Amino acid sequence: MALATSVNVVLGSLAFAIFWVLAVFPAVPFLPIGRTAGSLLGAMLMVIFRIITPNQAYAAIDLPIIGLLFGTMLVSVYLERADMFKYLGKLLSWKSKGAKDLVFRICLISAISSALFTNDTSCVVLTEFVLKIARQHNLPPLPFLLALASSANIGSSATPIGNPQNLVIAVQSKISFGNFLIGILPAMLLGVVANSLILICMYWRLLSIPKDEEDAAIEVVAEDDLNSHRFSPATMSHFTSSSTQEWKSTMEAINVQSPPNINRNMGHVETIRNRLTPCETDIHNVHSDMVESARNSNASKEVANDASSQKREETTTSHNVASVERLRGALSVQSSEGKEDLTMRWRRMWKSCVYLVTIGMLIALLMGLNMSWTAITAALALVVLDFKDARPCLAKVSYLLLIFFCGMFITVDGFNKTGIPSTLWDLMEPYAQIDRFSYLEEEWQHLQL
């Protein structure tokens, strides 16, 4: 492709330079607007400078790549909700044999997860687990964080969905998912092994220092201590058999001693009766008054008994109401436990469905199906299986990255229209023919001469 006019070359180069500076240095002092705004600014300048038309700008946006990015990000959101990365974090410290073993595990797991779920997602999610493991084992976090970051970048190169750059290469060059994986996987594995060995050698002394692990277990109280702190149940006060026998013996002694006293007092009673015969009528009246007072007292006792019986009935009814309330509470607890059990079963089934859909997506990609529509189909299947409002999950998609790619596509297409990339390639092509063995042989012979 020939070079465009000098004006278009200068203006197109200026727009591309602004995009490149803001993409590499998003917080540049003279224009700290960020990468996303920088890509949109570069795209807008390409249209304003008339390097490309608005229709050409819209056509430059590669929708299959945008769709594949959107689908993979949404699948990653649902995998995070299904605790996939939580299980990966637990796998890091499962039967770990030391700090060096932990470094190698982090390198391997971060590489595999970034190849399947993008490197950004792996780094963001696994960083929390790496820091937690470092605190639990009282280890410096620097070697493990470097292992996570470097291995995530190395592992993401193995698949087209590992990072956005691979998406552009695979989609525009029409390389299938399987061919891409087969071609890069050996180099990725060698890179992960070399990276882990380099990190272990660099931080050998730091990782070899014996340090005490934090006591994460909860102290278990001994059974004897528990028994010593338990309260004995309260006992009701009552008469024992020995006390009842003593009480009976005292009462018998009183009964035995009472007859002589009564015999002594009988004479006094007779003399009093002989002296008080004129007052018998008064005594009779007093006796009748006493009988009436006794009757009144009996009536009051009956009223008191009626009141006490009413109180007993009220207490029994209150006890019945309390028992009914307890029964209702027990039934509500059982129903809540049943609901929780049903919720847990539904949660497990939903997690299994998420994992199966993700495995199906990977199988479809390996079979050579359209990558963008496969990712979008898997994402929408997870949305339907969730059976909830999808807005919280859709809000976690990085739309800034999608907009950045849209602006980048327009800016790069405008820069290509200037003819500078094709001219540079024409200059470098004679020295870049390394795909033919005959050419290498000729160059080798030329060097020997």
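Glycine too: its Cβ is placed from the backbone N, Cα and C atoms.
Annotated features, as they stand in TrEMBL:
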{"type": "TRANSMEM", "residues": "7-27", "note": "transmembrane segment"}
{"type": "DOMAIN", "residues": "27-430", "note": "domain 'Citrate transporter-like'"}
{"type": "TRANSMEM", "residues": "33-52", "note": "transmembrane segment"}
{"type": "TRANSMEM", "residues": "59-79", "note": "transmembrane segment"}
{"type": "TRANSMEM", "residues": "181-204", "note": "transmembrane segment"}
{"type": "REGION", "residues": "292-320", "note": "region 'Disordered'"}
{"type": "TRANSMEM", "residues": "354-385", "note": "transmembrane segment"}
{"type": "TRANSMEM", "residues": "397-415", "note": "transmembrane segment"}
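The transmembrane segment (7-27) is not in contact with the transmembrane segment (59-79), judged by fewer than 3 CB-CB distances under 8 Å for residue pairs 6 or more apart in sequence. Below 8 A, the CB atoms of the transmembrane segment (354-385) and the transmembrane segment (33-52) form no more than two pairs separated by six or more positions in the chain, fewer than 3 in all.
With a threshold of 8 Å between CB atoms, the same-chain residues lying at least 6 positions outside the transmembrane segment (397-415) that come near it are 12-13, 15-16, 19, 23, 35-36, 38-43, 46-47, 51-52, 56-57, 60-62, 65-66, 69-70, 73-74, 77, 120, 164, 421.
Sequence-distant contacts of the transmembrane segment (33-52), counting only residues of its own chain at least 6 positions beyond either end whose CB sits under 8 Å from a CB of the stretch, comprise 4, 8, 11-12, 14-16, 18-19, 21-23, 26-27, 60, 400-401, 403-408, 410-411, 413-415, 417-418.
Tertiary neighbourhood of the transmembrane segment (181-204): same-chain residues 100, 103-104, 107-108, 111, 115, 142-143, 146-147, 150-151, 154-155, 157-159, 366, selected by CB-CB distance under 8 Å and a gap of 6+ residues from either end.
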